Every structure is written in structure tokens, then in C-alpha cells.
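Asker: So TrEMBL says this about it:
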| type | residues | note |
| --- | --- | --- |
| BINDING | HIS63, HIS65, HIS107, GLU109 | Fe cation binding site |
| DOMAIN | 32-123 | domain 'Pirin N-terminal' |
| DOMAIN | 177-286 | domain 'Pirin C-terminal' |
Amino acid sequence: MSSSSSQNFVSRSVIKKVFAKLQKEGDGAVVRRGISRSEQKLLDPFLMLDEFSVSPPAGFPDHPHRGFETVTYVLEGGITHQDFKGHKGTIYAGDVQWMTAGRGIIHSEMPEEEINKGLQLWINLSSNEKMIEPNYQELSSSDIPKAEQNGVQVKVIAGESMGIQSPVYTRTSTMFLDFTLDPGAQFHQNVPESWNAFAYVLESGESGAVFGSSNASPVSAHNVVVFGQGNDGVSVWNKSSSKKLRFVLIAGEPLGEPVVQYGPFVMNTQAEIDMTIEDYHYGKNGFEMAKYWRSQ
């Protein structure tokens, strides 16, 4: 819904802001971690959000996952991924890879160009889906539905906005929208009342992004903005007179299940984590190929 139909729209308020600080990750890569364990309770089903920047020879060499999904959205450059199921490909700026790790995957994610930037989101899976077979959905930039109105552009990676819907199937109900607002533009996005929601600011002008109410204090780039539950959705204003505002809005239906995380493994109990470590170590229950496979 746009600003033109906003008379009765009640926006969620901002309950927390988190500046995503730089940290090292993988093999020589640098990430800004916007969501970490302290935000997990507020943002169930989301486990992590990284804004990554990586140049060769750095990268994310062979590593395992179990129990959740990773969504990789490339903003600049390209990332080549391969896994022990024989899946290999490169996603470039504007492309998305939605990977369901399920019962187990080992993969590598390595940079393709001199400068490679993007976002990686980890989405939890419910207990009855943690041990499903791994799966990939890949969308090239041209496959992602886009819409524009009143100085607001949106790319609908998952969910719905401005009456258009993404083709992505989300096992854990999820909305993932990439917004660009022209100077002076505003927008009101519906979000289901029971879902948790946050925004991550990619670029903002001197006045920053304003969320929740038009007189709220502005938020600069590299900040996560956590919204309270309830109400109709999220309101945003670009108060900059000269610069565009770009942010992603991400929301999802909470699973309400216990989360036990050990690095790249996310299960419901410590016993399941212990079993996962054993499965990985001995190459069983989904990790059979772990003994033999190495990325090229």
C-alpha cells in the first residue's frame, strides 16, 4: 500500500537499532553482522544477517550447514557456489540464491570479481523440516518482480508488495523486499500482524532513513531497525533532499521453537547438535559425501 492510501495505516514502532560492526569471517572476508544471537529472540525465525564484502583470494571455502536456510543476495560483483550434491553456479548483482540446507550440505562461496558485496540472511526451519533434503532456488535479477510508484521502487525477492508477488517458495513464511526511495518519498508496507520484522539500511542521505513515524530520528546506513509486533506494517520516509534511500525490509512468521546453535548447525536441542557434529565427523545422515568432496 502506498502513501496515497495511508490515512488509516498504523505503523509499527522502532524498538531497537543495531549498528552492524565489521568483523572477519570465512577466509579473509569481512562482514557487517546486523543480526546476531542477541537479536534472535526478537526476530524469530531469523538467525543472522551479514552484509559481506569479499575480494579474491578471500572467500568462504568448504563449510557445512544443517537445520536452516541461507539466502544470498548479491549487490555487486558475483559469487560462485558449489556443493557436494554437484550443484555449481555463479550469481551476479541483483541475483538471489535461496538454499535450504536441511539435513546437511557442504558448500563453498567464493568471489568472482575484484569487488563482491551482498547480503546473507539465515532463516530457521521448523523442527519437522530441519532434516529435509537440501534444495536450491535461484533467481536471476530479471526473474525478480519489480514495481514502482510515487518515487518508490521495490524488488520483491519474497512475499508481496505493491500488488506483485515473488515466485520464491518460502518454507518458513518470509517477506524480503529491496526498496529504493527517491528524495522526499514515503511508503507504507503491510506486514502480517503476528510476524517479526526488521529493516537493514544499505544507503541513506544526510538525513538518513526515518522509520515508524515521520518525526522519528533518522537512521544511517549499516543499521538494523527492529520493529515492534502488531499494527498494520511499516512506514518509511526518505527525508534527504538529494540522495536516494535504499534498504531491505525483511519479515517472517515466528516459529516459537527453542534454538540451539553451534556455528553452522542450528537445531532445537543440544542432543540434536551433538548428533549433528557426530554425523558430520563420521559422514552419515546427510553428510555421506563429506569424506570425499572438495570444491574445485
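Positions of Cβ are set from backbone N, Cα and C atoms, glycine also.
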Asker: By DSSP, how many residues in the domain 'Pirin C-terminal' (177-286) are helix, how many strand, and how many coil?
Answerer: 13 helix, 47 strand, 50 coil
Asker: Taking every protein chain shown into account, which of the binding-site residues HIS63, HIS107 has the largest tally of Cβ atoms within 10 Å of its Cβ?
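Answerer: Per the Cβ count within 10 Å, the most buried is HIS107.
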Asker: What number of additional C-beta atoms lies within 10 angstroms of the C-beta atom of HIS65 (Fe cation binding site)?
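Answerer: So the number of other Cβ atoms within 10 Å of HIS65 (Fe cation binding site) is 22.
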Asker: Can you count helix, strand and coil residues in the domain 'Pirin N-terminal' (32-123) using DSSP?
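Answerer: Reading the DSSP string over the domain 'Pirin N-terminal' (32-123) gives 7 helix, 61 strand, 24 coil.
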Asker: Across all chains shown, how many C-beta atoms besides its own are within 10 angstroms of the C-beta of GLU109 (Fe cation binding site)?
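Answerer: For GLU109 (Fe cation binding site), the 10 Å Cβ neighbour count is 27.
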Asker: Starting from the Fe cation site formed by HIS63, HIS65, HIS107, GLU109, give every other residue of that chain whose CB sits within 8 Å of the mean position of their CB atoms, in sequence order.
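Answerer: Sorted by sequence, the hits are PHE60, ASP62, PRO64, THR70, HIS81, ASP83, ILE105, ILE106, SER108, PRO264.
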Asker: Return the average pLDDT for the domain 'Pirin N-terminal' (32-123) as a whole number.
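Answerer: Mean pLDDT, the domain 'Pirin N-terminal' (32-123): 94.
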